[in-house]
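Working notes, structure below.
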Amino acid sequence: MEEYELREIALQEGGSNLDINTPPNYDNPVGDGSSPPDSPDIQKSENQFKNVERELEIDSKQYLAGHDAENNHDENDEDFKLRRYFENSQRMALGNGQKPKKMGVSIRNLTVVGRGADQSVIADMSTPFISFFNLFKPSTWKEKGSTFDILHDITLFNRDGGMLLVLGRPGSGCSTLLRLISNQRGSYVEVKGDIKYGGIPAKEWKRYQGESIYTPEEDTHHPTLTVRQTLDFALKCKTIHNRLPDEKKRTYRQKIFDLLLGMFGIVHQADTIVGNEFIRGLSGGERKRLTITEAMVSSASITCYDCSTRGLDAASALDYAKSIRIMSDTLDKTTIASFYQASDSIYNLFDNVAIIEKGRLIYFGPGNKAKQYFIDLGFDCEPRKSTPDFLTGVTNPQERIIRQGFEGRVPETSADFEAAWRNSSMYRDMLEEQKEYERKIEIEQPAVDFIQEVKAEKSRTTPKRSIYTTSYITQVKALIVRNSQIIWGDKFSLISRYLSVFTQSFVYGSIFFQMEKTIPGLFTRGGAIFSAILFNAFLSEAELPLTMYGRRILQKQRSYAMYRPSALHIAQIVTDIPLTMIQVFLFSIVVYFMFGLQYNAGKFFIFCFTLVGATLATTNLFRVFGNFSPSLYISQNVMNVILIFMITYCGYTIPKPKMHPWFAWFYWANPFSYAFKALMANEFGDLSFDCHDTAIPFDPKNPTRYDNDYRVCASPGAVEGILSVEGKDYLDQYLHFRSDDLTQNVFITYLWWVLFTAMNMFAMEYFDWTGGGYSHKVYKKGKAPKMNDAEEEKKQNQIVANATSKMKDTLKMRGGIFTWQNINYTVPVKGGKRLLLDNVEGWIKPGQMTALMGSSGAGKTTLLDVLAKRKTMGEVQGKCFLNGKPLEIDFERITGYVEQMDVHNPGLTVREALRFSAKLRQEPSVSLEEKFDYVEHVLEMMEMKHLGDALIGTLETGVGISVEERKRLTIGVELVAKPHILFLDEPTSGLDAQSSYNIVKFIRKLADAGMPLVCTIHQPSSVLFEHFDRILLLAKGGKTVYFGDIGERSKTLTSYFERYGVRPCTESENPAEYILEATGAGVHGKSDVNWPETWKQSPELQEIERELAALEAAGPSSTEDHGKPREFATSVWYQTIEVYKRLNLIWWRDPFYTYGSFIQSALAGLIIGFTFWSLQGSSSDMNQRVFFIFEALILGILLIFVVLPQFIMQKEYFKRDFASKFYSWFPFAISIVVVELPFITVSGTIFFFCSFWTAGLNTEYNDINFYFWFIFILFLYFCVSFGQAVAAICFNMFLAHTLIPLLIVFLFLFCGVMVIPSSIPTFWRGWVYHLNPCRYFMEGIVTNVLKHTDVKCTSEDFTHFTNPEAVNGVTCKQYFPISEPLTGYVEAINEGDESKCGYCLYNNGEEYYNTLGWSFDNRWRNLALIICFWIFNTLMVITFVYITRKPRR
C-alpha cells in the first residue's frame, strides 16, 4: 500500500529536506549530565542549536503575527508558514533530545457488542411494579434482552503519522470505532479482538490514557469561561517538562496558545465567553474550532475526531484538515477522523479511508483507490459528486447508481458488501501490509522511545506510572484558578448570594434581637444558634445541581488525562473555603451582635470558625450524594431525608435523653450535632440565666409572698434557692453534654468535612454516570427494532424508498413573498456597540430556495434570528414585509425555524414530539388523522421511522437518540407544522450525505409546492448546491457579498466573481467551495478584492433595490383572506389540554422524580413517626407533638428544592416552544402547576399514613384525622407552588438556590415555633407573622392535634420545689394556687408527702396553644387561608412565566 501518496499533491507545498523521522543517535537520556558516545563538538552543537532557535523564533513571529493579517498572502503561503513553523519546532525538539511519539494503531478482528434496544424500555411509574411481579415469573428470570454487534470483525491499521478517514452513514459504527481506538470501552457489553498501539496491547495502553483521545461530535465546555480561560486551563494541565532550554512554562503556554488560535482563526474571540444553547457566546462554528483546539492542546499521539467539521464552513473545514495534515507530517501525529460530509479537497488529504456500513468494514485502503474499487463492483458516480459522497452513497439503495450490466449482481446489504470486500485482492493485500507493518513494529520497537518520551514529558513530581503529564498539585492549582473563573464568570449570582446572605442576617438578627439572659431566653438562645446552622445548610443545597452539572465536561477532560477527578474536588473545596468564610462572616458579623451573644472576640471567632466548618461539611455532604447518584432527583430526595435526620437529631428539637434507641445512633453520626454542641458550649459555658421574676412558686398579685430560699427556676439545671441557672448545668442536665468538650466538638465538625471530602474524591475517581459518551436508545415496550437483521435492513431501505416516491408534486403550500430591507443589528459591548448586520437586504419568493452562506461568524444565524423575529436583545433596524404588508402577530407561528441548537424535551419519544408540533401548529381545520399521517410521512422522509418510539433523552445521561438524530428531529418538528415560510439554520450539519440529500430534496419539494425558504448551509456538495435557486453570501461583519440567482450549473453566480478577476470555476469544482475561496472565507482565507464594497457598486445591487422598491410599491398581494391573524393556531383551552397531557406523560416517565418524592415522604414519615414514637400526654410530649408537626413543615419546605430543577428545565423547553408559537404562556403555567397535584397528594398521603399513627396521634375523632391530612396536603400544594414561583422568576438554578433561603427564612422562623408569637419583634409580628402561611398551617394543625389532649406530667416534667408550710397542714395546691396568667397545675410529688411539690406547666393541650395566641376555632379559616396562599403562588407562577416567556438572545 502506498504510504502518504497524496500529501504533496493535496497540500501543493514544499517541505523541509530534514528527515524528522530520524532521531539523533543518543544512547543516554537527555539531561543526565553525560554526553553520548562519539558526541559532536559541544560548542558547535550549541551554536547550531542557537541558530535553529533564532530561526524558529523568526518563523514563530512571522506566523503568529501574520496569520490574521488581511490581503497579504495567499492560502498556500499560510500553509507553508505553518509547515515551516512545525518543522523548525520539531528540529529544535530533536536537538533538545526529544523524540517524536510515533505510535500507529493495528486492529484485528475487532467486534464490539452492544445492548439490544429490547434490553431496556422507557421507564415509567409502572416499571417498578412490573419488575417486582416479574420476580415471581420464572419465565422472565433468564430474559436479559438481545445484544447486537455494533462493530463486526473489523481489521485495519494506521501507521504512525498517518491520517485515516472513517466514512459511514449515521449509526454505522464510526463513532464506536473511534472510541475503541481511543481505548474507551466502558459502555459496551463486550469487546472482542485485538488493538495494539505501536505494539502495546490495549490493556497496557490504559497507562497512557491521554495519548489516544476521542473528540466527540458535540461541543462540551463550561459556558461562562472565555476561550482564553478554557485553553489556558488545558495548557496548564498538559505543559510538558522537557521543554526547550530556558523556556518558561508561561512562555511555552503562550506560544502554543497563540499558535492554535491563529491556526483556527479565533484570535479575536479569545476573550469571548464560550456560551451554549442557553447562554449567548461563540457561534456554533467558533465553538467547534475551540473543541478541536482543546483536543490539540492535549498533545496526544493518536487523536480521533468524530464529525469535527460539523458547524464549520467548507473553507474553514479545509483549513482545519490541512492543519491536521501538516501536524501529522511534521510531528508524526496519528489522526483518525470521521466525517459525515467531506469535500474532495479534504478527502485527498487523508492517506487511507475506511468505510463502515452497519458495523461492517466494506473497504479499507488508499483513498485514491476507493472510488475505483466500488466502480469495479458495479456502481457509477454522478458528475460533480464528491468521492466521499459516492463512497457512502453506494450503501444506500435510494442513492446508488448501478452500472449497466451489473443489475442484480451488486451487493445489497452490509453483509454482502463485507463479503465482497473480503473476497477482493485489495483485502488480501491489506492483510499482507498489516503483517509487514506489525513486523516493522516488532523490529523497530517504537514503544521504547514512546515510553521514554512520555516519562520525560511528565513533571518531576509526577509518578512515572501516572497517566497524567503534570503533578497532582499542579492540576489542583489549575483547577482552583478555573473554578474561580467559573464562579466569577457568573458574578451576578455570586454577588446576589452575598447580598442575600447579608440581607437575611438582619432578618435573623431582628427576630432574636438582644435576647435576655433569662430562663425564657435559654430555649430561644438555643433556637437562634440552631437557626444559624440551618440557614447555611439551606444555602448548601445549591451544590446538588452544580455537582450534577459538568459531569460530561469532567468525563471528556478525564479521557484527555488532563487531571485526576479527585483533584477537581480538592480545587472545589479550596475555592469553597474563602467563599464560605466570606458568607459566614457576612452572616455572623450581623447576627452575632444582634442576637446579643457574648461580646468576646474569642467567642465571636469560635462562632464563625464553627459555622464555617459546619457549612463546609454540609456542602461536601450534598456533593457526596450528588457524586454517588445517577440522578439529581434521587440525590435531592435522599438528601432531604438525611437533612430531616440531621435537623431532628442535632440535639435541639429532641434532647439526647429523649431520643429513642433505634435512631439515637444518628446523633453521633451527625455533623450538625457537633456544631450545635460546640456553639452552645461556646455561648452557654460561662453564662448565668436569671429567673427572679419567673421562679416557682410565684404569685403574680404578690411577688414577694414566697421566700426565695424555697423558690426554684423552672428550667433544667436549676437548684432550689438559687434564682439563676448556670449555662453549663443546663447543657449537662438537659442536653447531656459538657461545655468543656468545645474544642473536641469543633475538631469533629471539621473531621466530618474531611471524611466527606474523602468520600467525594473516591466517588469522583470510581463512578462515571455519563455513560462514557455512548448514547443508548430506549424504546416503548415492544417497539424496539431488530438489530443487525438483513431482512429488517431491507425493510427499512424500502420504507425510505417508498417515502421518496410518495413525495407529492401536488403539495399545496400557502407561501408568500417575504422581503427585508436595510437590516442592521447592533448589540451592546464593553465600550460601545458592535454592528453584526450591516444593511442586509433581499427577499424569498414562493417556489424558490435561497442559500445563506458565508464563513463562520459572518452573521448567518444572526440574520435568521432577526428575520424570524427571535432576537430579544440588541437593536434591530430595517423593514420586513410579507406579501407587501408589515409582519403581523401570526408571523412566528406561520414561520418554521430550524435552529442550530437542538433543544427537545427529553421525556418524549420522537413520534410524540412530532405529533405535538403538528397538533398545535397546523390549522385546527385539519383533521387529527391527517396531521398524524403527515407526521408518519415526515418520519419516513427523515429516515426516522425506526426511531419513532425511541425516547429523545439527553446526551448527558447517555440515554436517548444521538446528536445526528437530534438534528433530524429538529428539522422534522418544523416540517410537520407545514409553515408558510421556512428558515433553516444549518439543517444538514452533522448529517451524512444521503440524509442531507433527502432533507434538501424534501425541502425542494416544499419550495416547488409554493413555500419560500432560506437555508444556511456550510458545506454543501455540488449536488446539494444545485437544488438552490438563489444565494445570499455574507462576509464577516454581516456585510453582503452577493445576493442573486445561482443560475444553471451556477454560471450566473460564478460569472459575477470571474468578472472581478477571480480565476474561472472548473467544471469539476464545487461552486460553493469556489465562492468561499474567492471571497477569502476560512481560517486563513484572504482576498485581494473588497467584496462588500464591490457589491455596493455593482449593477446587481441596483437591480435588487429596484426589485425591492417594486415589491414595496405593489403593496399587499391579493391573496385569499383567511380572517384576522391569530398568534396561535389553536385555542387556549385546546393548548392547555395538550400541554397538560404532555407534562403528565413526562412526569409519568420520570420515576426518579415522582417515586423519589414518594420514597422521600415514606422515609421521612417513618423517621419522624418513629422519632416521636407513641407520644403520651406529658408536658414534654406536648412540645414533642409540636416539633413533630414542625418536622412535617420542614419536609414541605424541602420540597421547594425538589421542584426547582424540574421547573427550570421545563421552562427552557417552553421558551423554545413559545418562540415558535406552539402554545401560549398561560397553558404552560397552569399545566405545570396542576400536573404536580396528584403526585403531591400521593406523597402527602404516604407521609400521613407512615407518621400519624406511629407518633401516637390517633384519636377517636375522625374529623381531626381528616383535617390533619387535608391541611397537610394543601400545605404541600403551597410549598410546591412557592418553589415554582421562585423558579419562574430566576433564569438559572444557582440564582434560585440563592433566593430560596432568603424567602424560606420567613416561612419557618415566623411560624410560631422557634420563636413564640409574643416574642417576635413588633415590626415583624405586625405583618410578616400574619402573612406567613406556615403560621396558619401550624396553628390549624397544632390546635387540631392538641384540642382533646389532657396533660399528665411525669416526674421529669415537674418543676420540683419545697413546701415549707406542709408542717402546718398546707397542701401543695394550697401553698401554690394557680391563677391567671399562669397555667398548669400543682401536686405532691409523692402521694401523702405535701412537703415536696411539683409544678406542671399545662393542664391540657388547649392551655398550651392558648399561650401562643392560637385558637381551635380558627382551624377552617386557617385552611382557607392556605388555599388562598396557594392560589396566590399560582398567580405568581403565571405572572412570571409571562414576564420571562422570551429567551434572552
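All residue numbers here begin at 1 and follow the chain in the order shown.
Cβ atoms here come from the backbone N, Cα and C positions, even for glycine.
According to Swiss-Prot, the compositional bias 'Basic and acidic residues' annotation covers 1-10.
Look at Swiss-Prot and you will find 130-383 tagged as domain 'ABC transporter 1', backed by sequence analysis.
What Swiss-Prot records for 488-731 is domain 'ABC transmembrane type-2 1'.
Per Swiss-Prot, domain 'ABC transmembrane type-2 2' is recorded for 1152-1386.
Residues or ranges marked as transmembrane segment by Swiss-Prot on the basis of sequence analysis: 519-539 (among others). Beyond the ends of the transmembrane segment (519-539), by six or more residues, the same chain brings 497, 501, 504, 508, 511-512, 583-584, 587-588, 591, 595, 597, 611, 614-615, 618, 643, 646-647, 650, 652, 672, 675-676, 679-680, 683-684, 689-691, 694, 713-715, 725, 730, 1297-1298, 1300-1301, 1304-1305, 1309, 1314-1315, 1319 to within a C-beta distance below 8 angstroms of the stretch.
Under the heading transmembrane segment, Swiss-Prot lists 577-597 (among others), citing sequence analysis as support. Sequence-distant neighbours of the transmembrane segment (577-597) (same chain, 6+ residues past either end, Cβ-Cβ under 8 Å): 487, 494, 497-498, 501-502, 504-506, 508-510, 512-516, 525, 528, 532, 535-536, 539, 603-604, 607-608, 611-612, 615-616, 619, 683.
The transmembrane segment annotation in Swiss-Prot covers 602-622 (among others) and rests on sequence analysis. Sequence-distant contacts of the transmembrane segment (602-622) (same chain, at least 6 residues past either end, Cβ-Cβ under 8 Å): 532-533, 536-537, 539-541, 543-544, 547, 573, 576-577, 580-581, 583-585, 587-588, 592, 639, 642, 671-672, 675, 678-679, 682-683, 742, 746, 749-750, 752-753, 756-757, 760.
Counting residues 6+ beyond its ends, the transmembrane segment (634-654) has Cβ neighbours under 8 Å at 526-527, 530, 533-534, 537, 541, 544, 547-548, 621-622, 625-626, 628, 663-664, 666-667, 670-673, 675-677, 735, 737, 1152, 1156-1157, 1159-1160, 1163-1164, 1167-1168, 1171, 1184, 1187, 1190-1191, 1194-1195, 1198-1199, 1201-1202, 1205 in the same chain. The transmembrane segment annotation in Swiss-Prot covers 634-654 (among others), and the record cites sequence analysis as its basis.
Below 8 angstroms of C-beta separation, residues 554, 564-566, 568-570, 573, 610, 613-614, 616-617, 620-621, 623-624, 627-628, 671, 674-675, 678 of the same chain, each at least six residues beyond the ends of the transmembrane segment (747-767), sit close to that stretch. According to Swiss-Prot, the transmembrane segment annotation covers 747-767 (among others).
Only residues 6 or more beyond the boundaries of the transmembrane segment (1155-1175), in the same chain, are considered here, and those with a CB under 8 A from a CB of the stretch are 125, 128, 631, 633-634, 636-638, 640-641, 644-645, 648-649, 654, 659-660, 662-663, 1181, 1184-1185, 1187-1188, 1191-1192, 1195, 1199, 1202, 1239-1240, 1242-1244, 1246-1257. The transmembrane segment feature in Swiss-Prot is assigned to 1155-1175 (among others).
What Swiss-Prot lists as transmembrane segment is 1188-1208 (among others).
Taken from Swiss-Prot, the feature transmembrane segment applies to 1228-1248 (among others), supported by sequence analysis.
Positions annotated as transmembrane segment by Swiss-Prot: 1266-1286 (among others).
Under 8 Å from some Cβ of the transmembrane segment (1296-1316) lie the Cβ atoms of residues 493, 496-497, 500, 503-504, 507-508, 511-512, 524, 527, 530-531, 535, 538-539, 541-542, 545, 1186-1187, 1190, 1193-1194, 1197, 1200-1201, 1204, 1208, 1282-1283, 1286-1287, 1289-1290, 1324, 1328-1329, 1332-1335, 1337-1339, 1411-1412, 1414, all in the same chain and six or more residues away from its ends. Annotation comment: Swiss-Prot describes 1296-1316 (among others) as transmembrane segment, evidence class sequence analysis.
Long-range neighbours of the transmembrane segment (1423-1443) within the same chain, counting only residues 6 or more positions beyond its ends whose Cβ lies under 8 Å from a Cβ of the stretch, are 1211, 1214, 1225-1226, 1228-1230, 1232-1233, 1267, 1270-1271, 1274-1275, 1277-1278, 1281-1282, 1284-1285, 1288-1289, 1333, 1336-1337, 1340. According to Swiss-Prot, the transmembrane segment annotation covers 1423-1443 (among others).
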For the domain 'ABC transporter 1' (130-383), mean pLDDT (0 to 100): 86
